[in-house]
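Structure, as structure tokens:
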Amino acid sequence: MESLIVLINTIQRACTVVGDHGGDSNALSSLWEALPSVAVVGGQSSGKSSVLESIVGRDFLPRGSGIVTRRPLVLQLHKTENGTEDNAEFLHLTNKKFTNFSLVRKEIEDETDRITGKNKQISSIPIHLSIFSPNVVNLTLIDLPGLTKVAVEGQPETIVEDIESMVRSYVEKPNCLILAISPANQDIATSDAMKLAKEVDPIGDRTFGVLTKLDLMDKGTNALDVINGRSYKLKYPWVGIVNRSQADINKNVDMMVARRKEREYFETSPDYGHLATRMGSEYLAKLLSKLLESVIRSRIPSILSLINNNIEELERELDQLGRPIAIDAGAQLYTILGMCRAFEKIFKEHLDGGRPGGARIYGIFDYNLPTAIKKLPFDRHLSLQSVKRIVSESDGYQPHLIAPELGYRRLIEGSLNHFRGPAEASVNAIHLILKELVRKAIAETEELKRFPSLQIELVAAANSSLDKFREESMKSVLRLVDMESSYLTVDFFRKLHVESQNMSLSSPTSAIDQYGDGHFRKIASNVAAYIKMVAETLVNTIPKAVVHCQVRQAKLSLLNYFYAQISQSQGKRLGQLLDENPALMERRMQCAKRLELYKKARDEIDAAVWVR
């Protein structure tokens with residue numbers, strides 16, 4: 001499941017690039033808010049930063065008095081192979097790796113100031129930081145500003161409410177897991193993190209309770225009532241953490257040494273020794289990673305449903321956006337048609353002009369389709385036990401006399417149904433390749449670069465045609481499979497019958513053996529031979545149908561419907577394609593980017609699920 005966390009990381013970063021980080025004011029639908037995440041919540045001086053650094057095993061977070069975290073920090077941890085060097089990357093600094101983590105701390109401070117200024121303001125725009133290390137687990141955490149009770153000098157009077165509002169906007173989402181940090185040397189009833197968590201998650205289904213500063217509690221006291229859930233019950237077990245002391249921080253005590261000291265503390269503690277295996281920052285990180293993987297897997301269907309609904313809404317909005325009035329309709333139509341022809345030429349070159357597109361399509365037919373058919377579970381369907389059951393069910397109360405024809409037919413039909421999967425997968429794979437070639441051809445058509453609106457229209461029209469071609473192709477390939485089920489090749493079994501009779505004359509079989517396991521194995525062998533023959537046929541006919549319905553049609557009529565529409569358009573419509581006012585163009589481009597994000601996310605999620 002590790003690849004699912006990586007997938008969500010990728011989508012989160014893509015969301016930020018297009019301006020989707022939740023709570024948008026422009027009323028565009030948000031994918032960010034639907035993605036499972038772990039938000040780290042705690043009051044000032046709760047040990048929140050120390051917990052994060054313990055999980056990472058590095059000093060990298062800004063420290064100081066007052067409000068230090070003033071923007072959400074999306075911290076994506078990537079486990080690497082042992083022996084590789086720790087490094088960090090920021091989304092806003094492409095192709096730059098940090099190996100000095102003191103510079104990471106400074107860049108967080110600088111990037112915060114670039115948006116908020118140096119006057120202690122806060123911003124909901126997140127900073128994305130990826131850390132690659134063999135000492136971490138695959139995990140994504142969102143570090144939020146610490147909850148506070150008073151404003152410091154230079155901050156607006158509303159800072160307390162502003163921070164709580166920002167934190168609440170994250171943790172109130174049903175897909176957000178809450179990592180609530182509370183110091184053990186304070187009454188849990190006064191914990192800012194637990195107070196907010198209880199308001200948004202009253203049952204405690206999404207909340208992880210973390211107790212810090214266990215080693216700083218008054219002598220003779222412990223936190224067992226909290227850890228064991230007697231004081232505050234949550235769905236998940238509480239985890240105790242022992243952070244570095246301020247003296248350790250001042251001395252730059254290595255985080256690996258701190259981890260070892262933490263383990264030793266719990267292992268030797270008279271209060272917590274029996275809980276040592278489920279205490280500490282290392283255990284917390286593994287627990288969060290495992291849970292996040294599970295939550296992502298359970299949420300995939302709802303995320304896909306949301307993506308599909310939002311795609312429909314965005315496509316409707318793109319169709320409805322108004323455009324300015326044009327002047328010379330004839331010249332504009334001529335220009336548009338010329339750009340369309342240039343796009344179609346490049347698209348065809350991708351298919352059969354020595355470009356990689358045609359080779360990728362051939363690869364689907366030459367490798368993917370045969371491989372998928374070879375992996376079909378015919379062995380399970382034609383196992384001795386399965387054959388006996390199906391033949392017996394087909395015979396009913398009267399066993400067959402010579403050959404179980406009904407049993408044969410049911411076995412064959414059941415086997416043939418398995419071919420539908422590879423057939424559908426081939427159609428969808430070609431569809432994705434053609435859509436990608438459309439995007440590439442649009443990007444490579446120089447004439448279109450001045451007109452983002454026309455680019456969007458052409459992509460939408462081409463994809464609409466490709467969707468129709470896919471529907472026809474899907475019908476055709478499934479019809480090929482259904483045809484094999486509708487009428488079996490009788491001569492194949494007649495030849496088998498003659499061969500069987502000849503073998504019987506040369507080596508007579510007793511009546512008892514005729515209905516024993518050998519008899520049913522022979523049936524399975526005959527059906528398997530027939531299925532092999534059908535497979536060889538479909539490996540040849542499915543590519544023919546797909547090329548005829550999808551590839552050939554894409555070359556011949558990709559923009560036919562668009563041409564029919566544009567030729568009947570009046571000057572106003574043509575002007576809308578070539579010239580928009582800035583506000584409408586900005587809105588259209590925002591919608592187009594969000595639509596592209598959703599479609600890419602859907603394809604990537606589908607691909608990840610398909611691989612599984």
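Cβ coordinates are placed from backbone N, Cα and C, and glycine is handled just like the others.
Database features (Swiss-Prot):
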BINDING   45-50, 213-218, 243-246  GTP binding site
DOMAIN    32-301  domain 'Dynamin-type G'
DOMAIN    520-612  domain 'GED'
REGION    42-49  region 'G1 motif'
REGION    212-215  region 'G4 motif'
REGION    242-245  region 'G5 motif'
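Structure with Swiss-Prot features highlighted.
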| residue | record | Cβ neighbours (10 Å) |
| --- | --- | --- |
| Ser45 | GTP binding site | 14 |
| Gly47 | GTP binding site | 23 |
| Ser49 | GTP binding site | 23 |
| Lys213 | GTP binding site | 21 |
| Asp215 | GTP binding site | 16 |
| Met217 | GTP binding site | 16 |
| Asn243 | GTP binding site | 23 |
| Ser245 | GTP binding site | 16 |
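Reduced to three states, the DSSP call for Met217 (GTP binding site) is coil. Note: the region 'G1 motif' (42-49) comprises 2 helix, 2 strand, 4 coil (DSSP; helix = H, G, I, strand = E, B). Taken together, the residues of the region 'G5 motif' (242-245) have an average pLDDT of 84. For the region 'G5 motif' (242-245), residue counts in helix, strand and coil come to 0 helix, 0 strand, 4 coil, using DSSP.
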